[in-house]
Amino acid sequence: LCPPCGHWKNWVLSFDDDVDMDHPYGDEDEAALEAEVNGNWTPQEKALHEARLKAKAKRRVRKSSSRSESLSESLSGELADGDSHSPKGKVPVPNDRKSRTGKGRGLPKKGGAGGKGVWGAAGMVYEVEEPDVKDPNYDEIAQGDTVYATVVPELDERELEKTVNPIVQEYFEHGDTKEVQMLLRELNLGHHKYEFSSLAVSLSLEGKASHRELTSRLLRDLVGKELSESDMARAFDKILKELPDLMLDTPEAPQMLGQFIARAIADHALPLAFLDRYKGKVDCDHARAALDRAAVLLSMKREMVRLDNVWGVGGGLRPVKHLVKEMNLLLKEYLVSGEVKEAERCLRDLEVPHFHHELVYEAVVMVLESKGDTAVKMMCKLLQAFWKIGLITVDQMNRGFQRVYDELPEINLDVPHAHSIMESFTDLCYQESVITKQLRDSCPSRGRKRFVSEGDGGLIKN
């Protein structure tokens, strides 16, 4: 509002300029005052100018007062540096959880139990909270004595065969029935439990005699723990029905199955009345042959004792004396019959490839103790046949001959001509490519005796 004329005018006022207290009005203002003294300003302009000057003076006073307050705080902070409890005398540390109000003892907030991801102070025990009925997740049934257990799904027929086959094959390697029991407890076989026995017997029919012996032991140990007699009987019922299919891969399946049934009854894995259930009720000739085989084995003398060795004792489980006896019997039968194939089959059935050096040793000793050249030629022929088919390795052959070399002085006590017979036999074996030249040269020779005496006049002794 212009005081002189009384009209509204647009004037721009700036309050950013600093005002000098000695010259609060500035050069322009002093010029305006001179103009005022000279009488050039109207009353309205004069009033507006005075209001502007007063506003600048007030702003200058406020700024100077804030500067004085900051100076006083800095001075008080320097004086308070010696006070360890004064928060103003410390430089704030980032992420400092201590109180900055100066009222605490400098300890963490909430005793260290507060903050993100903290469940409480160390050693704090929470009380059991009663479930809230108003909770939308409240379950009345779950609030009782609920028992939680791991549920293993039941295996179907396809999964059962895929799971059981590796277990049985691994058992044939280690022979530990307890490990098989532990693995069966982890499986949920359900009503297919009996099929484990049928699968184990089917796999053993395609394997060795030692595998069948291990299977019989496994069935004996499983009955009463993982399987019952009714489960075992049901398993053999299934095998009897599948016998024609099993004969495609194993023609001797009926005789083997009969031995399995007889052994299971002797081990009390099958009830004694198992054979009686099938009397006059079997239409399949193969199943009838298996049951007749089992009945014959059970009716033999010393039935329970003989059935313990119905499969023989496999491989390394046999005692050494028994293996030596079997190999002696094998060689004696060969000297009588001369059948190399039969001797090969008997040696393979023993399943002791690591013990074939014993066969070589026994064969050479028989040659030394025999009379005539028949045993020498036949034993050389047998060792040559076993060497060609790879049944006896180089190591086993060398070890067998070396054992004879080492014991030759003792053998010579019973066989005076053992050294000469040994030399002729090693030469023959070398000619037939049974042994190496190095092994032939290592044959010990007996020290030569003097056949001419000085007192005999140069005559040769007879």
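Placement of Cβ uses the backbone N, Cα and C atoms for every residue, glycine included.
Features reported for this protein in TrEMBL:
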REGION    19-114  region 'Disordered'
COMPBIAS  54-65  compositional bias 'Basic residues'
COMPBIAS  67-79  compositional bias 'Low complexity'
DOMAIN    159-280  domain 'MI'
DOMAIN    322-445  domain 'MI'
DSSP-derived helix, strand and coil totals, residue by residue, for the compositional bias 'Basic residues' (54-65): 12 helix, 0 strand, 0 coil
For the domain 'MI' (159-280), residues assigned helix / strand / coil by DSSP: 93 helix, 2 strand, 27 coil
Summary of DSSP states over the domain 'MI' (322-445), given as helix, strand and coil counts: 99 helix, 0 strand, 25 coil
